[in-house]
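Remarks on the structure that follows.
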Amino acid sequence: MYRCECEHGFEGTNCERARDFCESAPCLHGATCENERGGYRCICIDGYRGDNCGEIIDYCFDPSPDTPCLYGGRCVPHVGGFICDCEGTGYQGARCETNVNECALEVTPCEHGSTCVDNPGSYECLCTSGRFGPHCEYNDTCQLEEPCRNEAPCTPLAEGRFFCNCTPGYHGLTCALLVSSASLDSTDLKLVIGLTVACVFLLAFIVGATVFLRMAKKKRATRGTYSPSNQEMFGARVEMNPVMKPPPEERLI
């Protein structure tokens, strides 16, 4: 009897047969297994890697030069690759590489006859007279009505509202009112009320203190040297005359 010590990669009684390392199906996720001298090799399909093709490639976090999404596109992992979500970027395409011409859309984004100008990744609306807003959707009250008075700059707001930045000496919604001592704003009014209350409390304190001091002074002025309580404590100081004896009775003879 004999026994053969086979080299790595061979088997059989006389080591006559090459070992099939792919017999146990070591390659995963549909990879192709190929025998090599002393081992095997896995040929992975797209989206997988590793010795046995067991690791999923996340192209969004493991980018190569041809994978990242452009211009702020959101990369979504996908088996075998990735998908770019271009929503809100102003671009389109597999990698968000193509500019979207919003002005060429069937429905223009600019309203009320305004002019649409396409820019890379965005657009701009050139509003007609009396309109403002991203899409020229608001009435420009400042331009249409000129509500601000006394050279106050006017700022248009949404829904027909406006704001007048009054020049010194004027106030009010349209800056038409003169500022006077009688027209105090809320801050000045609070200050005046606070000072008035403080003065009232101070005056009350002074009056109370004055009355108290006068009463105390008057009480001391009316207090004499004689005090019944002291007399009771220390005894009377008035000396009494000796008791006189009555005269003897007269007798008739």
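Each residue's number is its place along the chain shown, starting with 1.
For all residues, glycine too, the Cβ spot is worked out from N, Cα and C.
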C136 - recorded disulfide partner, TrEMBL, among C127, C148: C127
Recorded disulfide counterpart of C53 (TrEMBL; options C44, C60): C44
TrEMBL annotation, disulfide partner among C15, C22 for C6: C15
Between C136 (disulfide bond) and C175 (disulfide bond): CA-CA distance (Å): 27
For the domain 'EGF-like' (99-137), residues assigned helix / strand / coil by DSSP: 3 helix, 13 strand, 23 coil
Cα separation, C136 (disulfide bond) to C44 (disulfide bond) (Å, whole number): 55
Number of Cβ atoms other than its own within 10 Å, given for C15 (disulfide bond): 14
Euclidean distance between Cα atoms of C53 (disulfide bond) and C6 (disulfide bond), Å: 29
